[in-house]
Structures are given as structure tokens and as C-alpha cells.
Amino acid sequence: MPTYVAAIDQGTTSTRCIVFDRQGQIISQAQKEHKQIYPQPGWVEHDPEEIWKNTLEVVALARIKGKLSTADIAAVGITNQRETAVVWNRKTGKPYYNAIVWQDMRTADLVARFAADSPAGQDRFREKTGLPLATYFSGLKLKWLLDNVPGLREDAEGGDALFGNMDSFVVWNLTGGPNGGLHLTDVTNASRTQLMDLRTLDWDNDLLEAFGVPRTMLPQIRPSSEVYGTVQSEVLPGVPIAGILGDQQAALVGQTCFEPGQAKNTYGTGCFLLMNTGTELRPSTCGLLTTVAYQFQNEPVHYALEGSVAITGALVQWLRDNLGIIKKSTDIESLARSVDDNGGTYFVPAFSGLYAPHWKSDARGVIAGLTRFVTKGHLARAVLEATAYQTVDVVRAMEQDAGVSLRSLRVDGGMVINSLLMQFQADVLNGPVVCPRMTETTALGAAYAAGLAVGYYKNLDDLRQNWGVARTYESTMDDAQRAKLMRGWQKAIERSFGWEE
Ligand SMILES: Nc1ncnc2c1ncn2[C@@H]1O[C@H](COP(=O)(O)OP(=O)(O)O)[C@@H](O)[C@H]1O
Ligand SMILES: O=P(O)(O)OC[C@H](O)CO
């Protein structure tokens with residue numbers, strides 16, 4: 001049996017390849033950022049060809065760095081930014097248009113129109129899909145593409161145009177592209193399109209009709225862990241592709257949250273809190289999503305409740321790139337530590353409207369509470385605190401929906417190295433925040449899914465053994481201070497609502 005498993009993590013800002021050993025330790029890795037394209041306010045696109053090129057590069061580089069032959073790698077798992085929609089031609093492999101990224105807001109008018117057409121309003125498709133109408137999900141992005149890209153609808157109806165999220169695009173290319181590439185996705189990614197019925201786990205005819213999407217262009221929906229085929233590209237020839245998971249579900253698996261009630265929060269571009277609800281499909285009444293957590297081979301599907309927050313780490317990048325207040329993302333911690341508190345300032349980063357638990361496409365960013373006292377140190381604090389407050393809002397919604405209180409929060413993602421943020425998170429949450437030893441849980445989850453399918457890992461206990469705590473943050477804040485901060489946040493967030501007409 002080969003010694004390692006690999007994962008390709010196609011994320012919002014970069015693509016990574018990480019190779020793990022059986023204990024979940026990193027053997028080798030490579031990462032490459034791609035361009036963020038903003039053609040108009042509220043629009044966000046990626047170039048799919050650039051991402052495919054980067055994928056090949058990072059896989060090749062990870063192999064070179066680790067001096068790995070293909071025989072060393074038992075299987076590869078794919079994980080990806082979810083919802084981001086791409087359409088390409090089956091014969092040439094050429095995309096018809098840039099990928100429309102999950103944060104993109106161009107479908108806001110469609111959201112309003114679709115909601116107005118139904119007495120259920122924004123919850124029109126919630127029963128079947130677990131999702132409210134929002135700019136976030138793929139279905140309306142695909143409708144926009146079909147309605148706006150010349151010739152695409154005809155090609156889709158004729159079977160020449162293919163749709164996918166980034167997992168499908170990468171897998172199709174890895175398995176031969178125009179020469180027999182496999183057109184498939186997994187249940188977790190499919191659950192984010194708003195085109196799949198959560199109960200049947202198949203594309204739903206009523207939804208396809210409502211969104212005007214021809215079935216011929218959709219990928220086949222498969223479990224998250226099984227051997228789908230082998231890589232044809234020369235970067236990893238012959239290696240089985242044996243796992244596909246949306247990146248937030250992959251992190252849930254990487255954190256080994258296999259029991260109902262276990263939850264994790266991933267702090268990256270946005271924040272995504274997922275709680276495993278087992279085989280039970282649990283509807284939300286508090287503004288969360290019901291989504292597929294994972295489906296392992298020959299096992300029943302597991303569902304999750306999810307609180308998605310669009311902008312957290314992206315706000316740190318904004319401070320760096322748009323205002324130039326910091327040079328590197330990591331500089332924010334020392335700048336924030338230069339002051340004692342937020343100086344009365346609150347930053348609501350509603351750049352893509354607000355996601356959970358509010359789902360308001362018309363919200364826009366607000367900085368509230370400014371006085372001449374406020375310095376860039378206070379702003380840096382307000383930026384970090386915004387991540388923690390948004391997380392508190394989804395935790396409280398989750399506790400209400402699930403009817404249990406979260407005893408502790410497992411965390412991961414690029415922002416958790418910021419100990420000021422993690423301490424503040426524990427303070428305003430009033431509960432322990434637990435950082436695992438391995439924080440690259442997204443790639444790890446995809447590697448676990450692939451490893452399980454090929455027998456590299458025997459069972460879930462093999463995976464559970466690999467999880468361990470690096471650090472736990474406990475709350476040290478008094479109740480009055482916490483309540484005051486949360487009141488300030490609540491006032492600020494209400495001021496962001498209804499901005500866009
Ligand atoms: N020390 C830090 N403090 C706060 N935010 C940080 C820090 N280091 C990185 N980040 C943020 O974390 C994000 C990157 O995390 P990552 O998990 O790689 O995100 P993604 O998978 O969404 O691309 C960026 O948005 C960056 O601004
Ligand atoms: O690529 P990330 O880590 O920013 O995750 C993005 C999410 O999958 C969007 O739903």
C-alpha cells in the first residue's frame with residue numbers, strides 16, 4: 001500500500017495541494033493564489049483556466065518538494081470553494097465565461113423577483129433544498145449565465161455545454177477533459193446549487209424548471225467518498241480520485257465531527273459553522289441552512305445545519321489591499337494590540353449583503369460609532385471583533401435550531417493563528433474555543449474521504465485518533481462587558497440593513 005494520501009483544495013483565494021501521512025501530518029504542500037476579478041461593484045469572478053493551470057502547478061510542486069512518485073500516493077481527494085459556478089464546452093474544454101464566485105451579487109434582482117413570485121417569499125425553495133433564496137447559491141448564477149451568455153442555452157440544450165462547481169471542473173480536467181473527462185460532483189456540492197432535493201439526493205425537475213436549467217448540462221451526483229476514476233493528467237497519472245467534498249464539509253470531516261451535535265467553525269475568507277445533525281434532516285427556523293454534511297461509500301447520508309458568514313478574513317484583506325493600513329494579514333494582530341479596546345467602533349462587513357442568520361441582499365458595509373478618538377488600532381480591533389460577533393450570531397441561531405447549547409467550538413482556518421481574535425471569540429461566546437493541532441482541516445478532510453474509499457484508512461476511528469487539541473481559549477470577560485459589546489454590535493448591524501435600494 002502506498003504511504004500517503006493527497007488533497008487538492010481549490011479555495012476562494014488560492015489552490016493548494018497537500019500530501020498527508022496516515023497520522024494526518026503534512027508531508028509536502030504547495031499553494032498558488034489566483035486573481036480576484038471585480039468587473040463591477042458587487043461582482044466577483046475567477047478565471048477557470050488560471051485555476052486549472054494553478055492546480056497542475058501545485059500538484060507538480062507538492063510532488064517535487066516531497067520527492068514523491070505516483071506510487072507513493074494511495075488516492076487523491078478534491079475539495080473546493082462551494083457554489084462558485086462555471087460552464088464550459090464539452091468538446092473544447094473552454095469556459096463560456098469566468099466562474100461566478102459565491103460572493104457575487106449580480107443575481108440580487110433575480111432573488112427579489114423569485115421571492116416576489118411566491119407566498120413563501122425568500123423561503124420558496126427551503127423545504128426541498130434547505131436554502132433560502134440568496135445571491136450565494138449556484139442555481140441563480142447558472143440562470144444568469146444561461147440568460148446572458150450568447151449561445152450558451154442552445155449549447156446546453158444540445159448537450160455541448162457543461163455546468164459544474166469548481167470540483168466538477170477540476171475532476172473533469174484531471175480525468176481527461178475533452179477526451180472522456182468524468183462529469184460528476186458529490187452530494188455536498190450538489191446541495192449548494194439549490195437544484196438538488198435534499199431527500200432524493202437527485203436534481204429535481206421542479207427546481208430545474210423554475211431556474212430554467214437543462215438537465216443535460218448537470219454533473220452526475222455521487223457520494224463524497226468512493227473511487228470515481230483515475231487521474232489522466234501527467235501530474236498524477238493513474239492515481240485514484242476517491243473523495244470530493246465542499247470545503248466547509250471537508251473541514252467538518254477533517255475535524256472528525258462525526259457525531260450528531262459536533263460542530264466546527266472555519267475562519268477563512270468567510271466563516272462557516274457546521275453542526276453534524278446525523279441522518280436527520282433538520283429544518284432551520286433561525287436563518288441557518290440545512291445542507292449535506294457528507295456521504296461515505298455504502299453509508300447513509302449525513303446532514304448538517306450551517307451558519308455561513310460571507311466576510312471575515314476578507315475584511316482583513318480589504319484593510320490590507322484597499323486601505324493599506326496593514327502590509328500583511330498577520331500585521332493586524334499587533335495593530336489591534338496597540339489599543340485596549342474598539343474605542344466604541346463597530347465594523348459591519350456587509351460587502352456581499354449579509355448571510356446567516358439575516359439573509360439580507362440589501363445590506364451594505366457600515367462603520368459605526370466613529371469619533372475623533374478613533375485610530376487605525378481601533379479600526380483593526382473592530383475588524384477582528386466583527387468576525388467574532390458574526391460567529392456569536394450564528395452560534396446562538398444554531399443553539400436555538402438544534403435545541404442544544406454548544407459546549408465548545410472547534411475552530412480552524414487561516415485566521416485562527418490570531419490569538420487576540422480567538423481569545424475575544426471565547427470572551428463574547430462565553431465558552432471554550434478549541435484549536436486542534438492540525439488546522440489544515442479542509443485538505444485533511446478531503447484526504448480522509450479519499451483514504452477511506454481506497455482502504456488507506458480502515459474506519460472513522462482511524463481518523464478520530466489523529467485529532468488532538470493544540471490550545472483551548474476560555475472566556476475571561478465579565479457578563480456586563482459582553483452584554484455591552486453585543487448591544488453595540490446589534491445596533492451597528494441594524495444600521496447596515498436596507499441600504500441598497
Ligand atoms: N493573523 C491573521 N489575522 C487575521 N486574519 C488573518 C491572519 N492571517 C490570515 N488571515 C486571513 O485568513 C484568510 C485566509 O485563510 P484561509 O483559511 O487560507 O482562507 P480561504 O480558504 O478562504 O482562502 C485571509 O482572508 C486572511 O486575511
Ligand atoms: O474557499 P473558502 O475557504 O473561502 O470557502 C468558501 C465557501 O465554500 C463558500 O461557501
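Using the three backbone atoms N, Cα and C, a Cβ is placed for every residue, glycine included.
Bear in mind that TrEMBL entries carry predicted annotations, made automatically and left uncurated.
Under the heading domain 'Carbohydrate kinase FGGY N-terminal', TrEMBL lists 4-254.
The ADP binding site annotation in TrEMBL covers THR12, ARG16, THR269, GLY313, GLY414, ASN418. Neighbour list (ARG16 (ADP binding site), Cβ cut-off 8 Å, at least 6 residues apart, same chain): ALA7, ILE8, ASP9, GLN29, ALA30, GLN31, VAL58, ALA443.
Sequence annotations record features per position, and here TrEMBL assigns sn-glycerol 3-phosphate binding site to THR12, ARG82, GLU83, TYR136, ASP247. The Cβ of TYR136 (sn-glycerol 3-phosphate binding site) lies under 8 Å from the Cβ of GLU83, TRP102, GLN103, SER308, ALA310, SER352, TYR355, each of which sits 6+ residues away along the same chain.
The ATP binding site annotation in TrEMBL covers THR12, THR13, SER14, THR269, GLY313, GLN317, GLY414. Listed in sequence order, GLN81, THR84, VAL101, TRP102, GLN103, GLY268, THR269 are the same-chain residues six or more apart from THR12 (ADP binding site) with CB atoms under 8 A from its CB.
What TrEMBL records for ARG82, GLU83, TYR136, ASP247, GLN248 is glycerol binding site. The Cβ of ARG82 (sn-glycerol 3-phosphate binding site) lies under 8 Å from the Cβ of TRP102, ASN165, THR188, ASN189, ARG192, GLY246, ASP247, GLN248, each of which sits 6+ residues away along the same chain. According to DSSP, ARG82 (sn-glycerol 3-phosphate binding site) sits in a coil region rather than a helix or strand.
Along the domain 'Carbohydrate kinase FGGY C-terminal' (264-453), the predicted structure has mean pLDDT 94. What TrEMBL records for 264-453 is domain 'Carbohydrate kinase FGGY C-terminal'.
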Binding-site residues near ligand 2 among SER14, GLU83, ASP247, GLY313 (Cβ under 6 Å): GLU83, ASP247
Among THR13, ARG16, ARG82, TYR136, ASP247, the binding-site residues whose C-beta sits under 6 Å from ligand 1: THR13
Neighbour tally for GLY313 (ADP binding site), based on other Cβ positions within 10 Å of its Cβ: 22
Sparsest Cβ surroundings (other CB atoms within 10 Å) among the binding-site residues GLU83, ASP247: GLU83
8 Å Cβ shell about ARG82, GLU83, TYR136, ASP247, GLN248 centroid, glycerol site members excluded: GLN81, THR84, TRP102, ARG192, GLY246, PHE272, SER308
